[in-house]
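Visitor: The feature compositional bias 'Low complexity' is assigned by Swiss-Prot to 1-13. Positions annotated as topological domain 'Cytoplasmic' by Swiss-Prot, on the basis of sequence analysis: 1-30. Marked as region 'Disordered' by Swiss-Prot: 1-25. Taken from Swiss-Prot, the feature compositional bias 'Basic and acidic residues' covers 16-25. Marked as transmembrane segment by Swiss-Prot: 31-51, 64-84, 117-137, 228-248, 257-277, 306-326, 340-360, 400-420, 447-467, 473-493, 515-535, 551-571. Summarising the annotation, Swiss-Prot assigns N-linked glycosylation site to N174, N181, N197.
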Amino acid sequence: MELKPNGNHNNNNAAEKSEDTEKAKAERTNWGNGLEFLMSCISVSVGLGNVWRFPFTAYENGGGAFLIPYIIVLFLIGKPMYYLEMIMGQFTSQGTVKIWSICPGFVGVGYGQAFGTICIISYYSSLLALTLYYLFVSFQSELPWSFCREDWQNCVDSRPAEYTENLITGLASNASTLASNLTTPFSNRGVSLLADNETVKLQSSSEIYFLDVVIKEKLDISDGIGSPDWKLTLALLASWVVIFLVIMRGVKSSGKAAYFLALFPYVVLFVLLIRAVTLEGARDGIIFFLQPQWGELLNPTVWKNAVVQCFFSLAVGSGPIIMFASYNRFDHGIYRDAMIVTTLDTLTSLLGGITIFAILGNLAHNLNIENIQDVVRSGTGLAFISYPDAISKFQAVPQLFSVLFFFMLFVLGIGSIVALQSTIVTIICDQFKGLKYWKVALGTSMCGFLMGLVYVTPGGQWILTLVDFYGGTYVVFILAIFELAGIVWIYGLQNFCDDIEFMCNRRVSLYWRMCWSFFTPVMMIIIFIYSMVTIEPIKYSELYFPEAGNVAGWLLFGIGAAQFPLWGLWYVSRHREGSFCSSIMASLKPSEKWGPANAEVKREWQIFKSQKAAQRAVQKESSKLGFFWRKITNFCGSNI
């Protein structure tokens with residue numbers, strides 16, 4: 001059955017609506033050209049998620065065992081969701097909230113995704129602060145994390161291998177003496193060296209520098225998280241100043257910056273890759289990363305982590321893709337862009353993974369450790385421990401490579417957070433048309449800076465883990481399920497495919513139809529249910545959070561997930577049509593605002609939809625298979 005917008009349709013109202021949509025279209029800026037859109041999508045999807053999060057996620061899930069589930073998830077969930085969000089943004093020329101004129105009762109999905117995006121922004125900026133800090137100290141005559149201080153117990157220099165080997169030999173010969181010092185806070189971290197039946201805990205100087213000099217990590221936050229570090233606070237402030245300058249003029253400024261944000265990181269990443277694969281032991285690390293462990297394919301946790309990483313890397317379910325696509329021309333060829341970005345994202349993740357595991361292989365070789373998993377703990381500190389450690393081993397001007405690397409990380413982070421921040425600014429500006437874009441950008445940037453202060457405290461990494469787990473991961477996950485259900489199951493796959501055909505002038509393939517209607521939602525639902533049933537109290541650095549932390553985490557998740565039903569009820573209460581049940585049913589139909597923003601294009605679309613409905617009516621009458629034929633065509637969204 002063809003869905004029709006609800007509400008009155010008299011000529012006067014139609015004329016007024018046409019004028020409003022035309023005015024809205026005129027007010028909305030478009031990209032300078034299609035390449036700016038592509039570069040912007042690359043800058044957000046090919047970001048810290050590839051260089052920072054993908055390697056340590058693969059590390060936590062057995063290296064190569066993670067690659068097969070990740071690639072399968074990419075094709076059955078990642079690509080379909082990415083393409084769907086691109087279509088929604090370009091078709092409506094609206095942001096994350098306004099697109100829900102397709103199914104007004106689901107408007108809470110947009111607000112919930114905005115909440116999840118704010119959570120991600122809050123800690124993402126702290127990562128930028130860390131990269132800036134490392135960038136600044138890289139200009140010293142000797143990299144400060146490359147050598148051990150006198151008061152650093154059981155420390156191994158991150159200098160070239162010949163120095164490290166001599167140090168380990170000395171440690172091994174005096175293991176009994178060092179064993180008495182294992183009561184220090186460092187004994188819970190690092191790697192072990194077995195000699196004379198005594199286990200000596202070793203740490204690279206890069207790890208100690210990060211944990212005890214930079215973030216001044218607390219191993220227990222039961223007494224609080226401490227005060228913000230003033231150096232990291234200044235770095236955080238500088239990061240937000242840059243973010244504001246990039247987004248202050250909307251796509252006019254961010255589109256131009258996207259060329260640099262998208263392309264420069266690849267130059268540095270290739271340089272680091274070449275250096276990493278030439279290090280001793282790199283081969284073992286790469287083999288560990290690429291060699292699949294087939295038994296892990298049956299581990300549901302690995303599949304759940306693959307979905308989470310796919311969402312994080314592609315920025316699916318948090319709004320940037322919809323927001324970017326909303327600034328496109330209606331006839332822009334987004335299919336090509338979607339395929340380019342999703343493919344490039346995967347290749348970059350593999351490139352980043354090979355680079356980091358080559359470095360881990362070298363680290364294991366220098367520390368005489370057989371199991372690469374024992375080299376360094378995983379987590380957010382991986383990029384600030386293993387990468388700096390490798391850079392310290394560069395024979396020629398390591399300071400130069402360090403500056404290039406951390407500048408690359410900063411550029412990657414800026415590209416990601418600019419997209420996330422622009423999503424929030426676009427939502428606010430779409431809701432309140434009278435507000436100046438730059439003022440909203442300034443206000444949200446100030447709020448982002450204040451929220452980021454929590455993460456530059458000694459207990460900040462604990463809070464980052466908590467917010468990422470409850471506010472970023474699970475909120476985005478569950479709302480993505482509702483997003484797909486509202487578009488494909490409520491609005492209807494057949495209607496959606498017709499809209500794509502009208503906009504892109506191409507039929508939707510069976511691959512997309514099967515993924516959207518069955519494989520993608522079913523896999524997401526199964527994985528989400530499993531993850532909720534088997535969920536355990538989260539840990540940081542192998543330590544459990546205090547009870548108050550878990551309560552705060554579930555409260556964070558509850559606030560994000562509750563946006564969906566609460567805003568749905570709000571819409572129903574504001575648009576009553578008869579009984580409560582009738583109002584709910586009406587809220588699940590497209591509103592008058594659904595469709596292309598341009599009035600002329602919208603009229604053409606309505607004619608196209610009417611013609612499609614007439615064609616299907618004729619086909620149903622002529623079909624000999626009757627009921628079953630109609631079910632097949634409705635399921636596939638195709639005029640077979």
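Just so it is clear, glycine is given a Cβ too, placed from its N, Cα and C backbone atoms.
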Visitor: Suppose I define contact as three or more CB-CB distances under 8 A, residues 6 or more apart in sequence; do the transmembrane segment (117-137) and the transmembrane segment (228-248) meet it?
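Guide: Taking Cβ pairs at least 6 residues apart, the transmembrane segment (228-248) and the transmembrane segment (117-137) are in contact, with 3 or more under 8 Å.
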Visitor: Considering every residue in the topological domain 'Cytoplasmic' (1-30), what is the mean pLDDT value?
Guide: 49
Visitor: Where, among 306-326, 473-493, 551-571, do we find the most CB pairs under 8 A to the transmembrane segment (64-84)?
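Guide: If we count Cβ pairs closer than 8 Å to the transmembrane segment (64-84), 306-326 scores highest.
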Visitor: Which listed stretch (257-277, 306-326, 400-420, 473-493, 515-535) has the most C-beta pairs under 8 A with the transmembrane segment (551-571)?
Guide: 473-493
Visitor: Can the transmembrane segment (447-467) be said to touch the transmembrane segment (228-248) if we require at least 3 CB pairs below 8 Å and skip pairs under 6 apart in sequence?
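Guide: Yes; at least 3 Cβ pairs under 8 Å.
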Visitor: Counting only pairs at least 6 apart in sequence, do the transmembrane segment (473-493) and the transmembrane segment (306-326) share 3+ Cβ pairs under 8 Å?
Guide: yes
Visitor: Which one of these stretches, 31-51, 257-277, 306-326, 400-420, has the most C-beta pairs shorter than 8 Å to the transmembrane segment (340-360)?
Guide: 31-51
Visitor: Compare 31-51, 228-248, 257-277, 400-420 by their Cβ pairs under 8 Å to the transmembrane segment (306-326) and return the stretch that comes out on top.
Guide: 31-51
Visitor: Near the transmembrane segment (228-248), which same-chain residues lie under 8 Å Cβ to Cβ, leaving out any that are not at least 6 residues past its ends?
Guide: 125-126, 128-130, 132-133, 136, 214-216, 254, 257, 410, 413-414, 417-418, 421-422, 425, 437-438, 441-442, 445-446, 448-449, 452-454, 456-458
